[in-house]
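K.L.:
Take this structure, written in structure tokens, and hold onto it; I'll ask about it next.
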């Protein structure tokens, strides 16, 4: 009997999910992307070669894994085909092992133009999107006007819908944002080319997944971004436009909740965030700079520097509750090597001195909150590439043990470097 495992980020994304998914695919036959778009990059380093995947599931680097892009993903055909060709240039046969849902909403050039125009228009109040059209594409989906992958294969219907949509969006672009219009004829021509390339890879993903399940195959669901970028449960409005929590697997892949066996939450040994929004444990001093430099904290897709701070157990506790997380994987422990003192936020304090054990639900409610820290001694020895728990420095083990105690959940995996083998597995999700 196969197992169905979900891997998701418990913070603001960039937790190192790509490497862990790649590692776990040694035990999986199927890997599924179920939400988001090409706004988040999963970085893998195998035999010293770095690969950044944006849309294609990380399992593609394993030769016997079938990969699916499910209906919860907003799909840029241009970005996907570019990524496919990049991987094919490295000798990876993508098209035989990649399947795409007919129900994926399309990201088209007018979505990207709208995204960038809005961010520019908002100035200092901008959310800090990646400018890749994700939000506008999800808006079209919710407004029930989106063009989907399946529409590409009905030329006349697609052309009629595209004409209507472009008329609507071009009005906003030209009249409100004072930006150039997107050309209909050139977009229609591109779309016909995309249709021919995508046609062999499309299917009813939900139906395929249930066939894999019935055959007893292991299925791995690969989340993008992190819990606190969730449109409902994140630090709204500084969030993404999709649901990033485990419930998104059910809707975004058409996979029933009782079929999920294990949820692995990925967290860094510290905290990072890209773009605007609250960040209670953010470090603006030399320690924060040191963590950023050692951790090479720059966005895989945008190259933007990430904000860095101490481990926030208040946020993690809520992530665990929201996602019924079975176990944690802590990444980038080696980045903390050499620090004299480490801090874990165990609560927040408001301006009146009241102690809060849970995070607020809205971004503005984080204003004036200060973290309440617990201090632990650091370690001077290297944890890089350690593969046995007992070989870690005593203070590193104590730090991890304290995280387990505070959160009330086991650390099942530990990443000590970017390579596949730089991992300690205490309990494998597929076991």
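Backbone N, Cα and C define each Cβ position, glycine as well.
Given the structure is predicted, the values throughout are model-derived calculations rather than measurements.
Here's the feature list from Swiss-Prot:
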type	residues	note
ACT_SITE	14	active site, proton acceptor
ACT_SITE	42	active site, proton donor
BINDING	13-19, 41-43, 306, 332-334, 415-417	GTP binding site
BINDING	14, 41	Mg(2+) binding site
BINDING	14, 15, 16, 17, 39, 40, 41, 42, 130, 144, 225, 240, 304	IMP binding site
BINDING	300, 301, 302, 303, 304, 305, 306	substrate binding site
K.L.:
Using a 10 angstroms cut-off on Cβ to Cβ distances, just flag whichever of 130, 416 is the loneliest among these binding-site residues.
P.N.:
130
K.L.:
Considering only the binding-site residues 39, 225, 303, 304, 306, which residue has the minimal Cα-Cα separation from residue 333 (GTP binding site)?
P.N.:
306
K.L.:
Would you kindly give the Cα-Cα distance separating residue 305 (substrate binding site) and residue 41 (Mg(2+) binding site), rounded to the nearest Å?
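P.N.:
That comes out at 14 Å between the alpha carbons.
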K.L.:
Out of 14, 225, 303, 304, 306, point to the one nearest residue 416 (GTP binding site) in space (Cα versus Cα); all of them are recorded positions in the record.
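P.N.:
The answer is 14.
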K.L.:
Taking only C-alpha atoms and a 10 A limit, tell me which of 39, 43, 225, 304, 306 are near residue 14 (active site, proton acceptor). These are the binding-site residues.
P.N.:
43, 225, 306
K.L.:
Specify the secondary structure state of residue 305 (substrate binding site) as given by DSSP, simplified to three classes.
P.N.:
strand
K.L.:
Quick one: Cα separation, residue 19 (GTP binding site) versus residue 306 (substrate binding site), in Å?
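P.N.:
Here the two Cα atoms lie 19 Å apart.
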K.L.:
So of all those binding-site residues, 39, 225, 304, 305, 306, which one's Cα sits nearest to residue 16 (GTP binding site)?
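P.N.:
Ranked by Cα distance from residue 16 (GTP binding site), first place goes to 225.
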